[in-house]
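Colleague: Dropping a structure here in structure tokens format, bear with me for questions.
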């Protein structure tokens with residue numbers, strides 16, 4: 001089926017467009033966005049569409065980024081379409097919290113939402129294709145995602161007040177490249193897409209080709225089909241979850257203060273089928289945090305273990321700056337706030353650190369940001385609030401806790417190890433502050449005491465293949481959420 005007909009059929013099947021819609025088209029200059037623009041331009045007269053091109057110049061590739069912007073400007077002039085280009089300052093994405101990929105994505109959608117509000121657009125179209133879908137499913141499978149994650153990229157979704165549509169999601173990358181050749185379209189090629197620095201690129205360049213070579217060309221279609229099937233089943237699970245929420249006495253409050261709170265009966269929650277109970281916890285965290293992403297399996301499991309307690313009062317800090325409080329079987333999910341100092345329970349807790357991602361730890365008054373970075377980018381001198389680690393040398397997953405008896409580190413300039421207690425005394429850390437210090441650990445090994453000492457064994461060197469940059473920031477008193 002010709003690409004134009006395939007896109008037309010896909011758009012109709014998923015209800016992506018209405019006659020007379022004003023549509024923002026995200027254009028990078030690559031083959032996907034170029035084909036998307038060309039196809040929508042051809043479909044526009046029949047549906048009376050008003051197209052408005054959008055380009056985000058990330059400023060990450062110097063002259064190549066400027067050439068991309070100029071290419072898109074030429075395309076807009078050739079098609080007589082309006083264009084909005086947003087140019088970011090050098091280092092702007094790197095300064096944001098989270099990974100570079102996630103930051104670029106969030107900024108792109110935020111800018112498109114602003115543009116939509118300014119021009120009255122109803123939709124924004126992006127060039128995601130069937131290969132992107134397969135890569136997403138594979139990436140999330142390797143991360144251990146559930147059905148929601150494995151449902152992949154949705155054809156239509158609401159994001160930040162804007163409806164995002166993906167008209168090319170039913171087409172393969174090969175079809176798109178063939179379309180560009182057939183219509184004399186010469187796209188820009190982003191060299192970073194050919195580098196193995198990012199997780200998705202490794203899947204695109206190494207893992208998926210190896211699977212295709214071993215199991216045939218149907219691998220991409222089969223992975224994308226899996227996403228389609230799971231998306232339908234996920235819709236059913238979502239409906240069953242809403243019914244289970246009602247059975248558990250789900251109640252939302254706090255809208256007037258801008259700090260949403262979810263309350264429910266924990267004794268009823270733990271009686272639900274495990275699949276539904278997990279989804280209820282994830283939904284509660286998403287409602288309170290406002291994030292599209294829920295907590296991982298480990299955090300959800302700990303939340304359910306706590307929710308079933310019927311004696312006394314307990315609490316647990318979850319990702320996205322949400323705290324679960326349980327009092328005699330009643331659960332309350334709310335924004336977490338820093339305390340004046342950690343209590344006895346906080347001193348016994350361990351907070352897993354999301355990599356990449358950001359973890360708020362109100363009990364210790366800190367926020368921990370972690371991202372994967374190229375080892376070669378490490379500066380000669382690190383700020384006091386920053387730590388770089390050789391990912392392959394870490395003895396376990398990263399987490400934050402307070403000190404424990406027997407903690408030791410290997411300081412720079414010393415042959416062996418030294419007790420943390422002695423290190424804190426030598427550093428003149430006040431006695432009343434020592435128990436509340438946040439420690440970055442890998443497994444049960446202390447790798448960093450922010451502002452005090454770093455363990456030399458995990459510092460990246462010439463042989464490092466993958467590095468993690470961790471930043472610890474103090475949270476202003478009274479702040480909440482993320």
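Placed from the backbone N, Cα and C atoms, the Cβ positions cover glycine too.
What Swiss-Prot shows for this protein is this:
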- 28, 29, 30, 31, 32, 33: ATP binding site (BINDING)
Colleague: Would you count the other CB atoms within 10 A of the CB of residue 31 (ATP binding site), including those on all shown protein chains?
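Modeller: I get 22 for this one.
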Colleague: Would you pick out, from the binding-site residues 29, 30, the residue whose Cβ has the largest number of other Cβ atoms within 10 Å?
Modeller: 29
Colleague: Do you know which of the binding-site residues 28, 32, 33 has the most other C-beta atoms within 10 angstroms of its C-beta?
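Modeller: Of the binding-site residues 28, 32, 33, the highest Cβ count within 10 Å belongs to 33.
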Colleague: Using DSSP and three states only, what is residue 30 (ATP binding site)?
Modeller: coil
